[in-house]
Structure formats: structure tokens, C-alpha cells
Amino acid sequence: MPTLPAVFQQNLPPELRQALMLHDKRHQQLQIGSRLATDQDLIDAVKKQWKPHLFILNYFRVDSLPRPPFTRELTNMPPRSKYYETFLCTCVFIFAILLVRCVDYLLTSRKLRLLPRSATWLQFCILTIPFTVCVLDFPVKNYAIFSLTFNAVCVAVYLGCRLHKRLTQGASSTPPDLEAGAQTDAAFIKALENGQQAPVDAETKQITRPPPPYNDLLAIYRSIVYISTAVCIFARDQPCWNNDFSKTHSFGTGLMDVGIGCFVVCIGSLGPTASRRIDSVDRSQTLRKAALQSVILTACGLVKTISVAVIIAAKKIQYDAAWAEYGVHWNAFYSLAVARGLGATLELLVLPRWLPPLGAALISAVCHEALLAGGLAQLVLAPGQQQTHNRSNLIGQNREGLASIPGLITLYFCGLQLGRWLKPAEATPGRLLALMAAAAAVRPLTMASDGFWLLPESRRLMNPAYCAWLLAFSCFCLCGVWLVLAAGKKLRLDGDFTAFVHEGTGQTRLTPIHLQQVDSAGLLYFLVSNLLTGLFNLIISRLVPNRESLDGAPCFVIVLGYTMVTFSVSRLATRWFTFRDLQTALMRRFWRA
């Protein structure tokens, strides 16, 4: 390997001269036969060096030189922690639900009745606009002051409504029977034990079981995740976006980091045994259904991949499809497909009856942390791992998504535990508060250990610290929703609450009708928001080459218009197509075959 002459080395700065000497020393130490090593030989040596770290036992071996512990300094990006800010932003959504209940009370007390469509858009404004203001720099830059002020206003309006009701109506009315059907599953099993014949579907020849009771807590939680994710994935590309809520690179916590984890928790809360007894679950039919749902999610992932490829091919915008997020080809839909298929399989075939899902989540977290400490984290997050020679095969190109699979299973079991605890007839905040306190206690441990024996939160790895943060965040959100719904019951008046009446069944629910519609669209709403994000960015880049000129009021109007179009398109699409209808049709065709 040729080197610079000494006369040129003397004219170099000290730091460059030292780097050059180190480079020459590394080439002299590595001999390939009778010749000095080249740059390609060094690359091959790096490849071989990473292979032993894949084996967990090598982490416990005794080396001649002590191995430096894995710390957050291994990455070249500093961690950014917005741990408690995520809780503060969620409070805006929670208190907005209380404001919706207050507005509905005022309209009902004045004998005013809104049409369902008018009630939907009124609730859209109350629920979406405050959260949009919170995550943008316009019109308020300090989101903490805005959040606290908005929450205080909602509480003041609620207290005023309570005082008005006490003065005009006297004692509160009996709340509606929102737990009807909570015992349908137990009644179904009892009927079978008494010898009654169960209803059978004429096409699939399978026993038709009653649907699980509607769960307002989980429905509101899912709709909050859908709406907040849709707003953030588009707003982050705009100049008025508050960078404090962006995704972190390797370690850290931000509002956008909770998105994929919350979706997995939602999937776990809808697990086969979340709202049913294990005795009433048909395992073969449920596994086929889970496999079909995984296929549908994988198809959505392919649509997302193709749409991103088309946008990049247009060469009009720099779409945020960084390798460091999920991988080259991996995206959120593939992670959800793995969580749904693998999680349901482990739940029905592996999870013992005596072991609660939270215990299974703890076991999965310990195993995942051992793998990360054994070299998996270093393989994924080390500097230089985004180079081409480390992305030469399909596994290396998508190692972020593959390394996070144990974390997906951990979050799935956490969601399953929440689903079992939050049955409509058994929902109490005591367990949630205890679980939130236990999960939040992981945060001081990661700060005290400084990454030496417990890695800090990392969305790319979905390590146990990240799962604990997501569990604490979910418990906090569910506790807040439970308190708001309990407070909203005290404002009920005798009469028709059109703002909370379900369109299909006509039952009065605690979930606002706008959130009911978002929750019913579900996956379709999430897919539409992803597709419209790329479409809006493409249109804006063509119409306004200098996007920074849109900062301020135009940016806020664009983000708000995007949320309106997303909800309208998803709502319109549900009239002709839903993933639930597609799943039912495919299941019937599968049984015929």
C-alpha cells in the first residue's frame, strides 16, 4: 500500500497526520499472503468480525483484552429524550374528548339536535385542531403552555356544565346501559353446556359465536393512535413541524416513536383470548383468520413499498424512507403483519393457561435484552453500518425490522394483558395505575445504568426499555380516557345523544361518533393516510419548489386540510370497501375450497 512521502506528511495538520499513521499501521498489521492488505480486504475483515457477535455465548467468553461495554456513544447521533412530553401531548386529545361531552351537553340542554354528519365534523374540529396546534410551531410555539392552558379550559368548561346541571336538573340521570352484551360469551358457553344447538353459518359450516362486547376504552385508544399518527406522518415534512416530536435516530424518545408500538399494542388488545375465554376459542379457525389478516397487512406493506418507489422514481421530492428506520424494504405494515400472525400463534399454541400475558412479555423482554447485549445491538446500530457492503444481502438490508421482532412479541403480549384487564364489565383503573408505575420505573433504571447493562429506549431495536415506555404511555392514555369517560357520564341528560349514537346498532356509547368512525375504518384510515402523505408532498413540491416559504399560517392550513381529506376519503371508501368485509369474503372462499 503506497504511502505519502515524509515531506508531504510534515505539511499536514497534526490530526490528519495521526489519522494517516493509524491507517498505515492497520494496513501493515493485516497481511494477505505476501502482500499488504487493500481497502477491500479491510472491508472483508470487518464482515468476518461481525459474524461472531451473532452468537450470544461469545458475549460471556474471556478475551485477552477486555471488551468495551456497549454504550449509547457507539452511535454517532446523540440521544434525544422527550419522554414526558409525549404524555403531555396526549393529554390534549384526552381533554378534548371531555370538551366534546360538554358541548353535547350544552346542545342537549338547549333542545338542539345535530345531524350525525354535523356532529361528526364538529367533533373533528374539537379533537383534531388542538392536537395539530400542539405538534406545530404555528400558531403557538410553546406546546407545553398551550397544552396546559387547553386542559385547564376544558376542566373549567366541564365544571361549569356540572354546575349548570346541578342548578337546573338536580340529581344526575341514570347512565345508559353501555355494558349490554358483556356477558354474551359466558351465556353462549352456558347454552352449549345445557345442550342447546349453536348457530352454524350456512356457507362456512362453522359455529357462529356472538361478537365481543364493544369496548369504549380500547376504541378511543385506537382512534387516538390513528388520528395522531396520520397528523404526524404528514406534518413532519412541513416547515412548521416541531422537531421535538420527530423520530429519534438510534436512542431516545419522541412522540413519533410511539406510533408503531401503539399499533402493536392495539393488535394485542384484540387478541383471540383478550375478550373471550380460551374454552370458547376455535383455535384452527382463529389461526386461519390471523394468517389471513397477516396476508392482508403484508399486501398493504407492498402497496406502501411500491408507492414509495414511485415517489422516489419521480425525483421530485426526497421522501423520508431512511434505511435506519426499518430497513431498505421493511415498513410498518410488515411489522404489524409479523405481530398479528406470530403473536396469535404464540398466544394460542405456546402460551400456557397458568402464565399471564404480562409474564410472557417479561420473558420475551429478557431474552431480547440478552440478544442485544450479545452483539445484536452493535450489529444494527454501530457507526458505518449503513455502508453498502453491510447492506449486501436481504437480511442485512432489513436488519432493523428483523431485530425488532422480539420487541413486537413483547408489545403484543402487553396489549393482550391490557385487553384482558379492560373488559367492559371489569375495567378498573387500579391495575392500569399499578402497571403504569411499574413500567415507568424502568426509566430511572436506564438512566442510572447509563446504557452499560440496560440499553435506553430505542425504536429501531424495540428493546425492553422501549417496550416499558410504550406500556407506561398506553396505561397513562387508558387511565386518562377512563377518567374522562367517568366524568362525562355525570353530564348525561335524558334524551337522544346523537353525537354518541352508533350508526349501525343505534346504541348510545361513550365514544364520540367521530372516533367511532375512525375506529371502524381502522386499517383503511391508516393506509389512506400513508398514501395521501406521499401524494400531498408530491403536489406541494411541484406547486411550491421552496417549501420553506409555506411556514406559518399556510402550513397550518395545509396540514389541517390534509387531515380533513384523509378522514373524508377513508370514510367514503368504507361505503364500498372495508378490510373486514374483505376478510369475511376470503374466509368464506377459503372454507368453500
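One is the number of the first residue shown, and numbering goes on along the chain from there.
Yeah, the Cβs are placed from backbone N, Cα and C, and that goes for glycine too.
Here is what TrEMBL says about this protein:
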TRANSMEM  83-107  transmembrane segment
TRANSMEM  119-138  transmembrane segment
TRANSMEM  144-161  transmembrane segment
TRANSMEM  219-236  transmembrane segment
TRANSMEM  248-270  transmembrane segment
TRANSMEM  291-312  transmembrane segment
TRANSMEM  358-381  transmembrane segment
TRANSMEM  401-420  transmembrane segment
TRANSMEM  432-454  transmembrane segment
TRANSMEM  466-485  transmembrane segment
TRANSMEM  523-544  transmembrane segment
TRANSMEM  556-579  transmembrane segment
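When each of the listed stretches 83-107, 291-312, 401-420, 466-485 is scored by C-beta pairs under 8 angstroms to the transmembrane segment (248-270), 401-420 comes out highest. Among the recorded stretches 83-107, 144-161, 466-485, 556-579, the one sharing the largest number of Cβ pairs closer than 8 Å with the transmembrane segment (401-420) is 466-485.
Relative to the transmembrane segment (523-544), the listed stretch 556-579 leads the set 119-138, 219-236, 466-485, 556-579 in CB pairs under 8 A. Most Cβ pairs under 8 A with the transmembrane segment (219-236) among the ranges 83-107, 119-138, 144-161, 466-485, 556-579 are made by 119-138. Counting Cβ pairs under 8 Å to the transmembrane segment (466-485), the top-ranked stretch among 83-107, 119-138, 556-579 is 83-107. Counting Cβ pairs under 8 Å to the transmembrane segment (556-579), the stretch among 83-107, 119-138, 144-161 with the most such contacts is 119-138. Same-chain residues lying 6 or more positions outside the transmembrane segment (119-138) and placing a CB less than 8 Å from one of its CB atoms are 89, 92-93, 96-97, 99-100, 103-104, 146-147, 150, 227-228, 231-232, 235, 238, 240-242, 245, 255, 498-499, 512-515, 517, 551-553, 555-556, 559-560, 563-564, 567.
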